[in-house]
Amino acid sequence: TMTERKESKRRKESSAHTPAERRTLRVKMVLLGSSGVGKSSLAFRFSKEEFSSTVPTVGCAYMTHLVCLHDATLRFEIWDTAGQEKYHSVTPLYYRGAQAALVVYDITKRESFMRAQLWLRELERQYVPGETVVALVGNKGDLSDLRQVMLQEGQTLAENKGLLFTETSAKSGSKVSELLMTIAHRIRQSTTPESTLEEWKDSCVDLHSPETQRKQGTCCMAELH
Amino acid sequence: MAADVHNKKVAWETQNGSLAPVGKLRAERSDSPTPGLVEGTEPGAGQDDAMFVHTRSFEDLTADGEEGEDTDPSGPASGLGTPLGDREQPEAEPVGPEEEQAPEAPAGGRAEEEDVTSEAWRGRRKHVFVLSEAGKPIYSRYGTEEALSSTMGVMMALVSFVEAGKNVIRSIHADGYKVVFLRKSPLVLVGVAHTRQSERELTRELLYIYYQIVSLLTLTQLNHIFQRKQNYDLRRLLAGSEHLTDNLLKLLDRDPGLLLCAVSCLPLPSSTRDVISSSLQAAKSKSLVFSILLAGNQLVTLVRKKDQYLHHMDLHLLFNLVGSSSSFREGEGWTPICLPKFNTAGFFHAHISYLEPASDLCLILVSTDREDFFNLSDCKQRFLERLRRRSAYPALQEATRSPSYPVSQVGIPELRHFVYKSKSSGLYTSPELPAPYQTEEEQERLMGLYQYLHSRVHHTTRPLRSIYHCGERENLLAWVTSGFELYLCFSPLGTKAQAVMAINKLLKWIRKEEDRLFILSPQTY
Ligand SMILES: Nc1nc2c(ncn2[C@@H]2O[C@H](COP(=O)(O)OP(=O)(O)OP(=O)(O)O)[C@@H](O)[C@H]2O)c(=O)[nH]1
Ligand SMILES: [Mg+2]
């Protein structure tokens, strides 16, 4: 079942009965793709299980999200970049050193698919293959009437390059949490966390007393689906 | 992207003259009406250093848009304007309080009536166009740039035609419209308005739009782009930011701060503000230049690096960026931004985040280092930690629930609204808009009246110390001294004598409340 927890509660728990059982590992994940393909909407889905209207991202938005696996908690540090061309030159800042990269396109816009291929090429230049988990994501799956990019095209491209692939809909939520879980597992498998993933120490501050009103996204998505 | 600010050593020295020429006091234009009330001692004046670049006056600010040329409307431009029907009448005006009767309605009124029959597009109060020097459309306030590209072409042809004759078009006055040109290479900005604003004020608004564009790209990058490719389509780079310009134009029509080159503060007990300021001051980092806490469009506090001053215009651009982009509500924003009055050549990097998801309180940490995200994120945490330890947060939250005050607190029955600016601090205060001015149209109408008075008291050749304006729906009084600027709006039943008397009473009230309404002790790291 979905457990919605308050952030402070989560923190208290983690400090109360952690140290031995559970480690929290940092995972840097970046979202790349043209403006308007739905990167922010996906990021919002990851953490809030909601779809709400968005505006173009300015620069970059940073947020964190916890995913609990059976043997560890992954703390996704998500860099939701702006697709607007004027911000391209700062984007390397965000994908440098990332353990996961989502290259997103909009299935109703062929141009965004072309752009996704450019992002993939740029990533390839930066990375030794296998070090970063890269997923190609065709978003807006709910708009299949307007589809300009066939499912097959995305699949083939991903296969050729050895990437994860899925079509999602940030609007309906379809395949979004599955995507995140797949990435989480892949990161756990393909890396030796001890060497590549840093451990994360909680040092956040709450504005109010410990019984904060703030809600955080859901933890333990593994149990969700 | 162009170089970051910290790569350009020059930036810190004298770029743009934006590193406060602090000591330079403006030559006083007139005596203060209240004896002993000179600049620096008026209500709202800061105790120590000012927070902002010392804008000596509105005149200084606009000089920028005028490139140091004379602003006489009978210059080269009116040669073009006259045949089209120049309606600006030179008026001889006495210096000192002056009366005006209501249906004087210069320019605007007639045009408005005529426009009822014309298309909605033409009827808009103010159009703004931005084009490249090659005549390519870049921005249009209404309608798509494509649809207007021929109009823009004509404008550009006009500009180059006149320039070929070694003249510069500044403005055309025709049929109740003012067409104002601002050439800031590599861009050309055109405003078409039938408002009561002076050509100079319209130019200043265009200048804001220009800086808005520069803040996204830097001037260095703009120049570079157009040097490489003269007919580059800049809309590619500005795509997704049009709403910033739209919103800025709205602010220019509604926010007295942009008119007065001043910023308003969230009313807050000074003890609370001091705790917030010192908490913010303590949460410093090497690369930090400005830490700014906003509540909506009001300033809570601003801490700056020693010897670095922020310009109002840059702060207004930051307000505009935050106010028109809800994207900062999700997580923490990290974006390159150029503060053009500080340095047009490079980017700062701003960490922008709300203190809580649903709160109006937004923290902007401006840094020189684009790699410094986590340090700044940590600064924010430390700031919050301190706020919490010193229990200032509940008081701050309480204050954001009543971000303004009713004018009735002043205790002057005929007074409906006012705007008071302390010149030395660059801060202003204004009560909430009362009932008759709460719709958008009425708010803009009132602002239009203030703008009109403002342009009269700041007239290039015949500045006034004060002006009394009698209207059908309200009476207004503007009063300017070396220390402050005051604009008051009264019910139409009040008399001029009452209005003049109200000034002293209001000044006394502001003095009494200044601790709460202004930031009297600005902080540096
Ligand atoms: N129908 C549909 N609309 C979507 C979906 N995902 C996003 N959108 C809409 O697409 C628009 C753009 O979404 P964003 O998430 O802001 O796009 P972005 O990729 O973050 O854009 P930038 O921040 O400019 O790079 C918004 O209007 C969303 O509501 C989806 O799965 N289906
Ligand atoms: Mg986005």
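One-based numbering along the chain as shown.
Every residue gets a Cβ built from N, Cα and C, even glycine.
Because the structure is a prediction, the values reported are computed rather than measured.
Residues annotated as compositional bias 'Basic and acidic residues' in TrEMBL: B:1-11. The region 'Disordered' annotation in TrEMBL covers B:1-119. For B:61-72, the entry in TrEMBL reads compositional bias 'Acidic residues'. Among the features that TrEMBL reports, domain 'FUZ/MON1/HPS1 first Longin' is placed at B:126-248. Feature annotation from TrEMBL assigns domain 'FUZ/MON1/HPS1 second Longin' to B:286-384. Residues or ranges marked as domain 'FUZ/MON1/HPS1 third Longin' in TrEMBL: B:414-514.
Residue counts for the domain 'FUZ/MON1/HPS1 third Longin' (B:414-514) under DSSP (helix as H, G, I; strand as E, B; rest coil) come to 40 helix, 29 strand, 32 coil. In the predicted model, the domain 'FUZ/MON1/HPS1 first Longin' (B:126-248) has a mean pLDDT of 82.
Here the domain 'FUZ/MON1/HPS1 second Longin' (B:286-384) has, by DSSP, the following mix of helix, strand and coil residues: 28 helix, 37 strand, 34 coil.
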